Amino acid sequence: MAENRRTKLYDLHIARGAKMVPFAGWDMPVQYPMGVLGEHLHTRADAGLFDVSHMGQVILRGPDAALALETLVPADIAGLGEGRQRYGLFTNDAGGVLDDLMIANKGDHLFLVVNAACADQDIAHLRQLESAGITVQPITDRALLALQGPKAETVLDRLVPGVAAMKFMDVAEFDWQGATLWISRSGYTGEDGYEISVPEAQAVALAEALLEQPEVAPIGLGARDSLRLEAGMPLYGHDMDAATRPAEAALGWSIPKVRRQGGARAGGFPGADVILAELANGASRTRRGLRPEGRAPIREGVEIFDASEGGASLGKVCSGGFGPSAGGPIAMAILPADLAEGATVWAELRGKRVAVTIAPLPFHKPSYKR
Amino acid sequence: MLKYTEEHEWLKQDGDEVIVGITSHASEQLGDVVFIELPEVGREVEAGEEIVVIESVKAASDIVAPVAGVITAVNEALPDTPGAVNDDAMSAWFFRIKPQGGVDLSGFMDEAAYNDLIG
């Protein structure tokens, strides 16, 4: 089996006592000595530094690159202002989700960030656009860091003056000690914060400089998962995949009116007929929040029923665990859309049925700087 | 004297009963414990039977009965304070068991042997 890839921060993780795990073909830190619970709470209270260099960074250039990308992604990219970023989905002909991604308008080009596990497939998919005169440039010489939490603004502005003026989903370039940083005010935790693309040559120095700040602790994938779960954010491959349509994944919000039926640039992306009809008619099933009674977490794969005994299966948990800030177990599952908030369903856990309440998403209210 | 199992439990004899918990090494491997389900007092169990459910922020795992016998008591405070296992695994006991045919822990590891096991 091939060796896992290592990010530029690998030695830094080891030096700080990280427990490394294989993730999407990379060796990544799952936790540091602080532990998942402590790291989660630290990010919510102060600031956490995440190495997300495994994620794919791609630049698209060419005339009408935004319109070209709209043929693969049902988002409003042509209407995305310069210096702004937006969330979108790659869809397939069946209306399923191939990956989710961030798209930034950097003026003369688009900058995309895609999931590590899907990066190769996404890049191959994007190369379809080359026939339309678009250049697809995978960025392989930059690391990606995320600084998240209520102290992120203060901390990053101390090192990189000016970032405090950015608003949620703004993107901009800043100089740091001669290196050009591509910074967006965004993240995957439900907290205010930044994602920072940095040349590999300066990545360790920037990470060390951030970690020297008293508010900052390094955070692993374990807490990244519990933070995003509390924020109600889906994880590709778990909460949606090639067989899940956007409305089922509760991601219809990423498809604006202009791309829907009757919109100025309606359709024109893979699976448009199926996806837009479902958005217009309402999905029969969609991703819902779940709060189990008691303290036992219900994890991915646990089956949900409509009765405390017998009854019919309603679906399976797609993400679940313990929410440190939520103060108990939380989960998400794709379930009938007509289940009312507050309704009770049952999870089958170790042969026993546990009552579960349908809860609003997110579990933890985000604190973005809009 | 404490004895240890290959399943990373510590065993402490107290008269004709054995007190059972998990080792510090096990608690570190599990990560932050968030849920514990203990057996019913009075339950008769087989050696190797899964009788405790322990969930950390990372995963679920089971704790098995080290010997056949009857559960005589459980640490009722533990389900409300599961993090006690991480704070001090050696004092966060799970249950007491009265082994069938009396206490004989001679087949279990001593501390030196357990330390060799966990390297």
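Cβ atoms here come from the backbone N, Cα and C positions, even for glycine.
These come from TrEMBL:
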type    : residues  : note
DOMAIN  : A:9-255   : domain 'GCVT N-terminal'
BINDING : A:Glu195  : substrate binding site
DOMAIN  : A:285-365 : domain 'Aminomethyltransferase C-terminal'
*Per DSSP, three-state class assigned to the residue listed as 'substrate binding site'*: strand
*Integer average pLDDT (0 to 100) for the domain 'Aminomethyltransferase C-terminal' (A:285-365)*: 97
_Sequence-distant neighbours of the residue listed as 'substrate binding site' in its chain (C-beta under 8 A, six or more apart)_ = A:Val52, A:Met102, A:Val113, A:Leu144, A:Leu145, A:Ala146, A:Ile183, A:Ser184, A:Ser186, A:Gly187
